[in-house]
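Visitor: Mind having a look at this structure? Questions to follow.
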Amino acid sequence: MDEVTRIPVGGERPYDVLVGRDLLGALPGLLPGATRVAVLHAPPLKALADALGERLRAAGVEPLPIEVPDAESGKHIDVASACWDRLGAAGFTRTDAVVGVGGGAVTDLAGFVAACWLRGVRWVPVATSLLGMVDAAVGGKTGINTAAGKNLVGAFHPPVGVLADLATLDSLPAVDLAAGLAEVVKCGFIADPTILDLVEADPVAATDPRAAVSRELIERAIRVKADVVAGDLRESGLREVLNYGHTLAHAIEQHEGYRWRHGHAVAVGLVYAATLARLAGRLDAPTADRHRVTLTALGLPVSYPVDAWPQLLAAMRVDKKTRGSRLRFVVLDGLARPAMLEGPDDALLAAAYQEVASP
Ligand SMILES: NC(=O)c1ccc[n+]([C@@H]2O[C@H](COP(=O)([O-])OP(=O)(O)OC[C@H]3O[C@@H](n4cnc5c(N)ncnc54)[C@H](O)[C@@H]3O)[C@@H](O)[C@H]2O)c1
Ligand SMILES: O=C(O)C(=O)C[C@@H](O)[C@H](O)[C@H](O)COP(=O)(O)O
Ligand SMILES: [Zn+2]
């Protein structure tokens, strides 16, 4: 086994994120006493899910493979309901558990299925996308989408452990590697500017999972997230910083019928949030411009069609950070100085959008 990094996530239900290559053998040890373990996966990860099932069987645990639709199509109440039917038919009890093998969509779904079954059973995300490793699998936010918006139904339900096996990234398409880096760059802007220096020094290496810098970026981003969620699991304040760029990003995803990659929407949303902060007099122009430059160097989108604005504004009104009719945005008062912009008026919101809009 390659060298394993263990990153603790503190709080009321602490656990570790394991980062390394070929560490899937660690799964059975995370679920002592389980009789049955459901292994949720989408079609592209079937082989890995089967391999995990064999590991569980060898440890005396009965695996229940459940194939779900890929990507955002899996984050739907009908899919969750079908999973609960399978758990019921197999007689899952409170000592049994759920594993999600895949990108953030599958682990969000798996965590949600686990959070609701018998009001909460143990679960483990086996993150196989870069975005999943640095973000979705860490922190216990689980959920599904609805027609009205992204992740509008869900639960805070921390896993008992997270596996981030870097070997799985060898098969991840380049476009998804880059999309995951949007969340890494987010962590750079809100908390760890060294991330930005590393990405800017060699954007190509940043997207190469075999490069040493890729592992350093992954571990740095996980540490940023772990530190935040340890202090505020239920997002009563501090955790909102992780939502930097997400107010517009989620509106774009909803507008696209959840066919855009989350990381792509986040890239546009980050540039928008930086522009908003600059226009509000909160952020200096060089730091705001750095968002567009760094994300562009990674091949990520930084603009969105101008005529979508009315629908995007409507979607942003049901963002989870909104209070009553007051929109709230995570902005920067400087590098690594996240803060809230409370109740910006529609003129300011539209002016910032004009700067990210494409014809
Ligand atoms: N819970 C959280 O805190 C949190 C944080 C960030 C994002 N998210 C959610 O995560 C989702 C985005 O995650 P994502 O970017 O991983 O997208 P995704 O889960 O849709 O995966 C992208 C694609 O990559 C494929 N894939 C994954 N791993 C692979 C591998 N090793 N080899 C080949 N193909 C592989 C998937 O099957 C899918 O087709 C969104 O739904 C977002 O809302 C949740
Ligand atoms: O973990 C968090 O908190 C985040 O905000 C991380 C985001 O990257 C992630 O996309 C999350 O799912 C968004 O949460 P939501 O509550 O805005 O749906
Ligand atoms: Zn995100």
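For all residues, glycine too, the Cβ spot is worked out from N, Cα and C.
The following feature annotations were taken from TrEMBL:
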- 66-176: domain '3-dehydroquinate synthase N-terminal' (DOMAIN)
- 70-75, 104-108, 128-129, LYS141, LYS150: NAD(+) binding site (BINDING)
- 180-322: domain '3-dehydroquinate synthase C-terminal' (DOMAIN)
- GLU183, HIS246, HIS262: Zn(2+) binding site (BINDING)
Visitor: Any idea what the model's mean pLDDT is for the domain '3-dehydroquinate synthase N-terminal' (66-176)?
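Guide: Computed over the domain '3-dehydroquinate synthase N-terminal' (66-176), the mean pLDDT is 97 on the 0 to 100 scale.
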Visitor: Counting Cβ neighbours within 10 Å across all chains shown, tell me which of the binding-site residues LYS150, HIS246, HIS262 comes out on top.
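Guide: That would be HIS262, with the most Cβ atoms nearby.
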Visitor: Measuring Cα to Cα, how many angstrom lie between GLY104 (NAD(+) binding site) and HIS262 (Zn(2+) binding site)?
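Guide: So the Cα of HIS262 (Zn(2+) binding site) lies 9 Å away from that of GLY104 (NAD(+) binding site).
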Visitor: Let me know how many other Cβ atoms fall within 10 Å of the Cβ of ASP108 (NAD(+) binding site).
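Guide: A count of 27.
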Visitor: Of the binding-site residues GLU183, HIS246, HIS262, which one has its Cα closest to the Cα of VAL106 (NAD(+) binding site)?
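Guide: Ranked by Cα distance from VAL106 (NAD(+) binding site), first place goes to HIS262.
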Visitor: Going by C-alpha distance, which of the binding-site residues GLU183, HIS246, HIS262 is nearest to GLU72 (NAD(+) binding site)?
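Guide: Of the binding-site residues GLU183, HIS246, HIS262, HIS262 has its Cα closest to that of GLU72 (NAD(+) binding site).
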Visitor: Give the subset of the binding-site residues ASP70, GLY74, GLY104, HIS246, HIS262 lying near ligand 1, defined as CB under 6 A from any of its atoms.
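Guide: Cβ under 6 Å from ligand 1: ASP70, GLY104, HIS262.
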Visitor: Which state, by DSSP, holds SER129 (NAD(+) binding site): helix, strand or coil?
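Guide: DSSP call for SER129 (NAD(+) binding site): coil, neither helix nor strand.
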Visitor: In the same chain, which residues outside the set GLU183, HIS246, HIS262 have their CB within 8 A of the centroid of the CB atoms that define the Zn(2+) site?
Guide: LEU131, ASP135, ALA182, LYS186, GLY245, ALA249, GLY263, ALA265, VAL266, GLY269
Visitor: For LYS150 (NAD(+) binding site), which DSSP three-state class applies?
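Guide: DSSP assigns LYS150 (NAD(+) binding site) to strand.
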Visitor: Hey, what's the Cβ neighbour count for ASP70 (NAD(+) binding site) at 10 Å?
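Guide: Result for ASP70 (NAD(+) binding site): 16 other Cβ atoms within 10 Å.
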Visitor: Tell me the Cα distance separating HIS246 (Zn(2+) binding site) from ASP70 (NAD(+) binding site), rounded to the nearest angstrom.
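Guide: Between the Cα atoms of ASP70 (NAD(+) binding site) and HIS246 (Zn(2+) binding site), the distance comes to 22 Å.
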Visitor: When you rank GLY74, ASP108, SER129, LYS150 by Cα distance to HIS246 (Zn(2+) binding site), which of the binding-site residues ends up on top as the closest?
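Guide: Looking at Cα distances from HIS246 (Zn(2+) binding site), the smallest one goes to LYS150.
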